[in-house]
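Heads up, the thing below is written out as structure tokens.
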Amino acid sequence: MLAATMIISACGKPQLANALNWNLDSFTYTNQEDKEFGTKDLTNKVWIANFIFTNCETVCPPITAHMAKLQRMMKKENVPVEFVSFSIDPENDTPEALKSFAQQFTEDFSNWTFLTGYSQETIEKQAKTQFHELVQKTDASTQVTHGTHLFLVDKDGKIMKSYSGFANVPYKEIVQDAKTLNE
């Protein structure tokens with residue numbers, strides 16, 4: 001199975017088969033503790049990202065529960081992975097609101113960060129141009145339309161894989177891919 005998910009490049013660095021290799025711009029936002037957090041904190045780390053908002057009435061609670069399960073699985077298998085949840089309703093998702101929401105799913109913030117502190121336009125653009133994920137807020141609703149993927153990012157800050165984060169989450173594949181990127 002490992003052979004199916006890994007290709008050794010010419011320099012011997014492990015790579016994922018069918019990797020996306022999408023570039024991710026550097027960022028510095030505000031976390032659930034009201035402190036700066038950004039790509040500098042993720043340097044040389046494998047991480048998994050998603051998009052959520054605290055007033056979500058549909059997919060965000062299950063997506064966040066799936067991230068919490070992945071967090072537990074990674075810890076159990078000693079796979080060093082950071083988790084980053086970007087708020088897609090930054091106007092309403094204060095650090096306090098994010099922390100309260102997050103505490104419904106995890107008590108372990110040692111490797112899971114919830115981010116806000118940017119404009120709606122910024123997060124919609126970042127989601128679209130870098131993660132290739134829809135995020136759209138309209139004045140007609142308190143809900144934000146968005147995709148439900150989980151994104152695996154390598155130690156160099158490149159988005160390598162995208163997975164279903166809502167239904168039929170491929171937990172074992174995600175864990176294996178994270179292991180591969182940590183080799």
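Backbone N, Cα and C define each Cβ position, glycine as well.
The domain 'Thioredoxin' annotation in TrEMBL covers 18-183.
What TrEMBL records for Cys56, Cys60, His146 is Cu cation binding site. In this view, His146 (Cu cation binding site) is surrounded by 25 other Cβ atoms within 10 Å of its Cβ, with every protein chain counted. In the three-state DSSP classification, His146 (Cu cation binding site) falls within a strand.
Annotation source TrEMBL lists disulfide bond at Cys56-Cys60. A coil conformation is recorded for Cys56 (Cu cation binding site) in the three-state DSSP classification, outside any helix or strand.
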Starting from each candidate's C-beta and looking 10 angstroms out, tell me which of the binding-site residues Cys56, Cys60 has the most other C-beta atoms.
Cys60
